[in-house]
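First comes the structure, then the notes that go with it.
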Amino acid sequence: MNIISVGVNHKTAPIEIRERISLSEVQNKEFITGLISGGLAHEAMVLSTCNRTELYVVPAMHEVTGEYLKDYIISFRDARKDVRPEHFFSRFYCGTARHLFEVSSAIDSLILGEGQILGQVKEAYRIAAEVQAAGILITRLCHTAFSVAKKVKTKTKIMEGAVSVSYAAVELAQKIFSNLSMKKILLVGAGETGELAAKHMFAKNARNIVITNRTQSKAEALAEELGTNRVLPFESYKEHLHEFDIIITAVSTKDYIITEADMHGAMQKRRLKPVIILDLGLPRNADPEIGKLQNMFLKDIDALKHIIDKNLERRSLELPKVHSIIDEELVAFGQWINTLKVRPTIVDLQSKFIEIKEKELERYRYKVSEEELRRMEHLTDRIMKKILHHPIKMLKAPISTSDNMPSRVDLVRNVFDLEEPNQSH
């Protein structure tokens with residue numbers, strides 16, 4: 001009935017170790033099917049991302065411990081030269097459930113509240129289910145984790161506020177110009193940072209985006225992806241600065257690509273209509289003197305990082321609420337686990353009483369009328385349910401600190417002389 005979790009993540013191991021243990025989808029399927037076909041596990045799932053590789057296993061043998069699973073995956077990845085057991089964490093029973101709930105809720109992420117992890121957990125579950133490795137325990141564990149993540153997202157603010165430079169830039173632009181769909185935007189630089197900023201803008205309903213890049217084909221590819229198909233030659237974009245309400249720069253360069261003189265002329269043509277320049281370059285792309293011009297809002301990476309720090313601080317204040325949700329769901333999950341543990345005993349108890357009832361009724365089958373037999377059957381059913389009510393209620397009751405589930409199960413099995421159950425999980 002145990003659920004073990006072992007793995008490496010950004011807290012326990014550096015990236016070069018995490019890379020050695022990570023599994024592709026094909027390797028993931030091979031790994032978990034090997035555990036099950038080898039008789040080592042009843043159920044298994046692997047969550048493998050850039051920041052973590054974690055095993056969730058319902059062992060089929062007492063020998064399959066946390067240490068055993070660490071050694072098993074190290075051997076599977078042929079990583080003995082690089083990876084040691086100390087790089088791993090281990091969780092057991094409800095500790096495993098708590099860990100997955102925290103992971104799914106994005107409070108165990110490298111960036112607090114980074115919501116991408118939930119999709120990755122769902123993908124891990126899909127893979128396990130696809131190869132019939134997700135049984136009743138892992139299925140319930142994962143669906144509870146999905147429910148926890150949904151509650152955390154709707155009932156807390158742990159995922160609110162930008163925590164990346166590109167998203168912080170867009171969030172700031174939206175605060176200054178509330179309706180981005182009405183603004184004309186110039187993106188200078190179509191690299192990774194610029195692309196992210198453009199996609200965040202697009203997600204905020206900005207559609208009037210013009211792109212310029214030293215390599216024009218790269219600008220054209222991004223414009224096509226966004227569906228704007230609007231590109232300016234890099235050699236001539238400065239001639240159009242006055243046309244834009246928002247300018248995002250994300251270019252690798254030693255010199256300023258937009259000077260104070262460039263924007264002074266642009267502002268005169270705009271008749272001082274406000275402009276935001278979001279400088280995502282390092283070194284900076286825009287001359288800091290631009291910020292002194294009237295109706296000019298210039299924000300560089302340092303200013304945006306200040307916004308990010310504030311947002312992370314606000315997110316951390318939500319942690320008590322998140323833990324409260326997790327604690328509540330953990331209690332319910334633990335109670336379900338306990339019910340699962342006693343299910344064989346409840347079934348055996350009911351079966352024994354049904355067997356006794358049927359044997360006794362059989363003795364009178366030819367001594368009484370069919371109507372009398374039906375009445376006797378109805379009466380014995382009622383008596384049986386009343387007798388069984390209390391022992392079943394006791395078995396299902398939550399465990400207190402002075403009690404434990406095995407002693408309850410043993411008591412009932414001994415009192416009612418039940419045969420030892422077959423151990424499956």
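Quick reminder: no glycine exception, Cβ is built from N, Cα and C everywhere.
The following features are taken from Swiss-Prot:
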type: BINDING; residues: T49, C50, N51, R52, S109, E114, G115, Q116, Q120; note: substrate binding site
type: ACT_SITE; residues: C50; note: active site, nucleophile
type: SITE; residues: H99; note: site 'Important for activity'
type: BINDING; residues: G189, A190, G191, E192, T193, G194; note: NADP(+) binding site
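In terms of C-alpha distance, the listed binding-site residues G115, G191, E192, T193 place G115 closest to C50 (active site, nucleophile).
Spread of the substrate binding residues is 15 Å (greatest Cα-Cα distance among T49, C50, N51, R52, S109, E114, G115, Q116, Q120). On a Cα basis, H99 (site 'Important for activity') lies 15 Å away from Q120 (substrate binding site).
Sitting within 8 Å of the Cβ centre of T49, C50, N51, R52, S109, E114, G115, Q116, Q120, and not among those site residues for substrate, are the Cβ atoms of A106, L110, I117.
All protein chains considered, the CB of Q120 (substrate binding site) has 17 other CB atoms within 10 Å. Set side by side, the binding-site residues G115, G189, G191 differ in how many other CB atoms lie within 10 angstroms of their CB, and the most is found at G189. G115 (substrate binding site) sits 16 Å from H99 (site 'Important for activity'), taking the C-alpha atoms as the reference points. Most Cβ neighbours within 10 Å, among the recorded positions H99, A190, E192: A190 holds that distinction in the structure as shown.
E192 (NADP(+) binding site) sits 20 Å from N51 (substrate binding site), taking the Cα positions as reference.
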